[in-house]
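For reference, the structure discussed in these notes is given below.
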Amino acid sequence: MNAIIIDDHPLAIAAIRNLLIKNDIEILAELTEGGSAVQRVETLKPDIVIIDVDIPGVNGIQVLETLRKRQYSGIIIIVSAKNDHFYGKHCADAGANGFVSKKEGMNNIIAAIEAAKNGYCYFPFSLNRFVGSLTSDQQKLDSLSKQEISVMRYILDGKDNNDIAEKMFISNKTVSTYKSRLMEKLECKSLMDLYTFAQRNKIG
């Protein structure tokens, strides 16, 4: 099997590379940003794509969504040091085969790949957390739409309404609508509240 790694952290890339090579998986390419990722995947046609959520340019979830929309059928494993419930759920919804928390160790990537090869998904959290035992913050995060999540990430990156509108190909008015909705859903009355919420839940 072969793989493409998409991660902007040199140490993470090295750890993933070494892990894959030890398990007889060939590395076709190592990318540090999301802008060229879809094109490279479509050109090289790897069996496996490993993507960090927090890559520059086009983020990991957007790369995942685009690949699935363009009928890429290989194994996609998302890795992140961020909130595993929040990002894991959205990655599952977007078509990832697995989600691996960097905090739990990179070795789980191999477990995720093996699960995907055998027709299973690998998300190391109980689905019961999605329906029965969510914390208040997690319930709020789960209520956000994909568009609201994108707007939130851009806000946390310091982008203003004009920047967000340009990146999402929507109007300033629509950005304001999404912003108002997400602030209401998260019960944040100011941007400082939003930053505090994001820091508390390791989002950003």
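Note: Cβ is positioned from N, Cα and C throughout, glycine not excepted.
These numbers come from a predicted model, not from an experiment.
Taken verbatim from Swiss-Prot:
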type	residues	note
DNA_BIND	161-180	DNA-binding region
DOMAIN	2-117	domain 'Response regulatory'
DOMAIN	137-202	domain 'HTH luxR-type'
MOD_RES	ASP52	4-aspartylphosphate
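Packing against the DNA-binding region (161-180) from elsewhere in the chain are residues 145, 147-148, 150-151, 154-155: each is 6 or more residues past its ends and has a CB under 8 Å from a CB in it. In sequence order, ILE6, ASP7, ASP8, HIS9, ALA12, GLY60, ILE78, VAL79, SER80 are the residues of the chain that are 6 or more apart from ASP52 (4-aspartylphosphate) and have a CB within less than 8 Å of its CB.
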